[in-house]
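Some features that Swiss-Prot has for this protein:
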- 143: active site (ACT_SITE)
- 340: active site (ACT_SITE)
- 397: active site (ACT_SITE)
- 343, 398: substrate binding site (BINDING)
- 8-68: disulfide bond (DISULFID)
- 55-300: disulfide bond (DISULFID)
- 223-246: disulfide bond (DISULFID)
- 230-239: disulfide bond (DISULFID)
- 200: N-linked glycosylation site (CARBOHYD)
């Protein structure tokens, strides 16, 4: 890999590394690592994963929370003052193989089969940079990360236990936090939330009451039974069926019922934001060479996505996995921008209220309170013990793009093992 390519992070004295680590035979997983801008010797380590399934984490790096971003259609990036490496050593990872700059053999067909390769990457990273082995570690992710985040965290905890018991050889990963924004976690809750959110949200009514009634009928008589069958049998055929039944009856009809961006309902479907400029930049041969990439950048290639679809991974619930991660005691944040449709805040809120942990009764009974950043109300939140929910005002799917200061504050609080709180 390449040290200090001069691309993206231009803060003097802040080191960066980009390149590949082997996670299996002919499996070259791309990572881009940035030291913390402040106190890198003590700062925690945080990994960022975009969703998809099969989308590159370079999206997050360049559009959301990385050291540089593209402003107003500029063709070259400028420094991002709200970068998450202000407070953490950040590693952005392209997974599974075939996504982004990662290349080689891809045998990942589901969230569960993706997890071991992510663990392999962390082990390979520690072998190269042993000074990070003892650091606090956090996973932050969005969208399909509602599947990835809970499963990756849970797998790491299982591996830690196996290492302690002597049945697995490897380095303990000191996981302390998980953050999932606008996540797809539980289809039973979130398919219904499409209907409720589309009828009643802060920005625009997408469906009228008679459409809502017919969609609720379709949910109860078509989508829900299919999801229950997937959940009960766990079979590929039942789960792929649930995926298509719910799409045909709920998501498809609503998303085609008006001209809106499913990632930001304030905008029309041809919304140019967040700008795609970064992907043009990452196809520049000079840039590719400088960072040590060996393949053409693919933002969200079809191949990996289709493998997940073929096993019916999407409608499989990760609510119980999320619950077990909260029960393990690590600091967990479920958060969402309030203008996103596809993984809307309402579905995320109802998932959060359903998380099974000792504080659930207290948590689900709590009303949301104002969340302020330097005295300005930027959203609403609630927190009990090690579990928090945050709704962010004026933000689409990629929250840090729309509300960078709010996102940075929430990130900082969670990685420092604190409940989120107003400032």
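Cβ from N, Cα, C; glycine included.
The shortest Cα-Cα distance from residue 343 (substrate binding site) to any of the recorded positions (68, 300, 397) is found for 397. Residue 55 (disulfide bond) sits 22 Å from residue 239 (disulfide bond), taking the C-alpha atoms as the reference points. The sparsest Cβ neighbourhood within 10 Å, among the listed disulfide-bonded residues (55, 223, 230, 246, 300), is found at 300. For the recorded positions 8, 343, the largest tally of other C-beta atoms within 10 A is found at 343. Contacts of residue 143 (active site) defined by a Cβ separation under 8 A and a same-chain sequence distance of 6+ are given as 50, 51, 52, 55, 182, 183, 184, 342, 343, 397, in order along the sequence. In this structure the alpha carbons, written CA, of residue 239 (disulfide bond) and residue 246 (disulfide bond) are 11 Å apart. Here the C-alpha separation of residue 223 (disulfide bond) and residue 300 (disulfide bond) works out to 27 Å. For residue 68 (disulfide bond), the same-chain residues 6+ apart in sequence whose C-beta sits under 8 angstroms from its C-beta are 8, 9, 10, 62, 77, 78, 79, 80, 83. Note: the CA-CA distance between residue 398 (substrate binding site) and residue 300 (disulfide bond) rounds to 16 Å. Packing around residue 340 (active site) is summarised by its Cβ count: 29 other Cβ atoms lie within 10 angstroms of its Cβ, all protein chains included.
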